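What follows is a set of notes on a single structure, which appears directly below.
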Amino acid sequence: MINSRYFANLSYTNSIMYAISVLFLVFTDIVTKLYYNKHLSYGSDLNVLPFLNITLIYNYGASFGLLSDQNQEWQKYLLISIGIIASIFMIIVLYKLDRNENIASIRLRFATILILSGTLGNVLDRITHGYVIDFISLHYNNIYLPVFNIADITISLGFLIFIANNFFSKNLNIYKK
């Protein structure tokens, strides 16, 4: 059992399961980024499907390229700090959600694990490279989404689950025991 007063209610089995899930998703994200970074040159475009390209870019900004034109040192440290603070917050949320076994709480734990994994994957990129490696490019005709990565998918999916859960749940008081 975890003896910390903050994590006293977090069961040992659940904490191991959460850690394995997060590590698996972060590992998958990092391996795919490193693979494409090694095997593609910057800006190269590999057509996989009519709507999917593999396009290697380096994102110095936030989600979907926000602030990417700045490329300032302060911005890197700001985004790393925000990512670390958000990760700590999500670990605390997991602790709070672990007290409940209702279906809304279970869905929110899953969403939190997804968001935490993506956040950590992108923070690790910023720490090691100074930017985030993006490589997935979806498009239809001449309409292109911003290039993204596995971490961005887990973050987006986590937020969608979070929003859907809050929209469809009848009992939103999930923090009470």
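Using N, Cα and C of the backbone, Cβ positions are placed for all residues, glycine too.
On a predicted model such as this, the values are computed, not experimentally measured, just so you know.
What TrEMBL annotates here:
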- 16-36: transmembrane segment (TRANSMEM)
- 48-68: transmembrane segment (TRANSMEM)
- 74-94: transmembrane segment (TRANSMEM)
- 106-124: transmembrane segment (TRANSMEM)
- ASP134: active site (ACT_SITE)
- 144-168: transmembrane segment (TRANSMEM)
- ASP152: active site (ACT_SITE)
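When secondary structure is read from DSSP and collapsed to three states, ASP134 (active site) falls in the strand class. In this structure the C-alpha atoms belonging to ASP134 (active site) and ASP152 (active site) are separated by 9 Å.
Counting residues 6+ beyond its ends, the transmembrane segment (106-124) has Cβ neighbours under 8 Å at 18, 21-22, 25-26, 29-30, 33, 80, 83-84, 86-87, 90-91, 93-94, 97-98, 132, 149-159, 161-162, 165, 174 in the same chain. Cβ neighbours within 10 Å of ASP134 (active site), excluding its own Cβ and spanning all shown chains: 23.
A 10 Å cutoff on Cβ-Cβ distances gives ASP152 (active site) a total of 21 other Cβ atoms nearby, all chains included.
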